[in-house]
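> First the structure, then my questions, so here it is.
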Amino acid sequence: MKYFLHILLEHPAAGYRKIFETVEELNEPIPAKVTGVLPSWLGGSLLRMGPGLFEVGGEPLHHLFDGQAIIHKFDLKNGQVTYYRKFIKTDAYVRAMTENRVVITEFGTAAYADPCKNIFSRFFTYFRGIEVTDNCLVNIYPIGEDFYAVTETNYITKVDPDSLETLKKVDLCKYISVNGVTAHPHTEADGTVYNIGNCFGKNMSLAYNIVRIPPAQKDKSDPVEKSQVVVQLPSSERLKPSYVHSFGMTENHFVFVEQPVKINLLKFLSAWGLRGATYMDCFESNESMGTWFHLATKDPAGYLSSHKFRTSAFNLFHHINTYEDQGFIVVDLCTWKGHDFVYNYLYLSNLRQEWEAVKEAAMRAPQPEVRRYVLPLDIHREEQGKNLVSLPYTTATAVLHSDGTIWLEPEVLFSGPRQAFEFPQINYSRCCGKKYSFAYGLGLNHFIPDRIVKLNVNTKETWVWQEEECYPSEPLFVPTPGATDEDDGVLLSIVVKPGADRPGFLLVLDAMKLTEIARAEVDTIIPVTLHGTYKP
């Protein structure tokens, strides 16, 4: 199937509900039944994170990002495949299991009060301060020789990628001044990791710090302990930092997109005194700011305060890629139009509705669009009112206004009504921060994942893999060893087919044509996974 909008799948049986149900961990890896032929060079582990426990003590967890973290692993070796999963033994999980209640407040679910405590001890517990969750359900990535499962708080959790055992909880606040970092770092070829998080800047106003974690150390010391802040970017509002989920990095620059979804810090601090308040209660939309783009140089690191880029309001979770070309920075993004927060639509009660109700809710939500913005680096000696973008291959524009701001208009790379191209991936080792042609993504149909999509960002051509009653996850690109073409490789995705005898499978697609090479099926359902990594 070449083009998207030919066949839009409908899901009247609501089989997608199955990907939001609790599963048990496995005692040992189970064998998968392989159909097709796995490439002989493909040996390694696909590691994926997501929620695996959706209720505690008979009480439901409310939001997609509240389920307790479970790690999944498909091992590929000599044409054989096994599947394994384990809950991460975070404090959030262990204490919930021990006390049979939600002990630590999650993204959209408040901690339940301890029935054994009287009002006085509860009062003193409150003054001990905020207990921040370490429920690392969002992603897993390497730092040095180690693997860390992460969410977006200051806690990351070291795990063993072979046994899936939980090794230790690490508090990033011990090493760097950040309130948390994203689950989407950038990693250079030598293993250097960059990330971004909000922090307290000068005179008690909020700011954003870009941090650098060095590669594996010769003396075997922990690179995390040598983390450093590289550069600080200001917040458009003193006490209200924007929600940041990812950022862009080129060979010489960092790109930070400040979106109109704000964290109200005062609400956040007072909310913890209120019974029943959650992280979700602390978000608010700024209806007038639009969206701001910030630039910083990488080496030497510095904030480019004179480059004030502005555009209309959108939500942003995932950067696709960012690169420099002829004095411009090209920024490709998965956007959602407007300032209404997309996470408001990701409560489990929404996602588990009947299909018609799911569709109706998505009609009210922000609309998704893949966009390319182009930022001119040379903004001096330019006259007002004319388009500064001279790249021949894009219709994106940048216009200097009299107040010194530069107004950006995007080129739309993909748009379909309530059809999102999300969870984007590229040939990262080859193309991150460089000019590229192909992005791979998960197609969300009214928020329900039901296809895998390849997008040519130059021609806007799309290729689609889909199958009736199948719910795939983010496709990870693995390049063929020694490949010369950018898209020579495979895509790996965990797919759930609820009615089947073997309802969970690892799908292996040819990344060039998006045709199936093989699948490895297991006789267990696999709940939704968010992000992950391939470990060769």
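We count from 1, first residue shown onward.
Backbone N, Cα and C atoms are what each Cβ position is placed from, and that goes for glycine too.
Feature table excerpt (TrEMBL):
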- H184, H245, H318, H531: Fe cation binding site (BINDING)
> Around the Cβ of H531 (Fe cation binding site), how many other Cβ atoms lie within 10 Å? Please give the count over every shown protein chain.
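The answer is 22.
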> Let's check the environment of H318 (Fe cation binding site): how many other CB atoms sit within 10 Å of its CB?
19
> Excluding H184, H245, H318, H531, which residues of the same chain place their Cβ within 8 Å of the centroid of the Cβ atoms of the recorded Fe cation site?
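Counting only non-site residues, the set is V138, N139, T182, A183, S246, F317, H319, F423.
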> Within 10 angstroms of the C-beta of H245 (Fe cation binding site), what count of other C-beta atoms is obtained when all protein chains are considered?
20
